[in-house]
Amino acid sequence: MKTLLLTLVVVTIVCLDLGYTLTCLNCPEMFCGKFQTCRNGEKICFKMLQQRRPFSLRYIRGCAATCPGTKPRDMVECCNTDRCNR
């Protein structure tokens, strides 16, 4: 009986861990308050700053499977904990 109970506890813990989803900020503004639950396979939050023209900046935040690449003059920061891309 104890073995069965222990087995059920272990299976429950493993199943709960598999269902974890990351939460990241997701908006195109500098000051952001909108959160997104990442899809399965997206384990990275990112914050990207793109400079398109002099004095023209674009902010992008969201979820990704891998850290996004950048172009010259762009900056990106990646992290893997909830709401870490502030």
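From the backbone N, Cα and C atoms, a Cβ is placed for every residue, glycine too.
Sequence annotations record features per position, and here Swiss-Prot assigns signal peptide to 1-21.
Around the Cβ of Cys24 (disulfide bond), the same chain contributes Phe35, Gln36, Cys38, Cys45, Phe46, Arg61, Gly62, Cys63, Asp82, Arg83, Cys84, Asn85, each under 8 angstroms and 6 or more positions distant in sequence. The disulfide bond annotation in Swiss-Prot covers Cys24-Cys45 (among others).
Taking Cβ-Cβ distances under 8 Å and a sequence gap of 6 or more within the same chain, the neighbours of Cys27 (disulfide bond) are Gly33, Lys34, Tyr59, Arg61. Reduced to three states, the DSSP call for Cys27 (disulfide bond) is coil. Under the heading disulfide bond, Swiss-Prot lists Cys27-Cys32 (among others), citing similarity to another entry as support.
In the three-state DSSP classification, Cys63 (disulfide bond) falls within a strand. Per Swiss-Prot, the feature disulfide bond maps to Cys38-Cys63 (among others).
In this view, Cys67 (disulfide bond) is surrounded by 15 other Cβ atoms within 10 Å of its Cβ, with every protein chain counted. Per Swiss-Prot, the feature disulfide bond maps to Cys67-Cys78 (among others); the stated evidence is similarity to another entry.
DSSP classifies Cys79 (disulfide bond) as strand under the three-state reduction. Positions annotated as disulfide bond by Swiss-Prot: Cys79-Cys84 (among others).
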So if I draw a 10 Å sphere around the Cβ of Cys45 (disulfide bond), how many other Cβ atoms end up inside it?
27
For Cys32 (disulfide bond), what residues in its own chain, 6 or more apart in sequence, show a Cβ-Cβ distance under 8 Å?
Leu25, Asn26, Tyr59, Arg61, Arg86
Around Cys63 (disulfide bond), how many other CB atoms lie within 10 A of its CB?
21
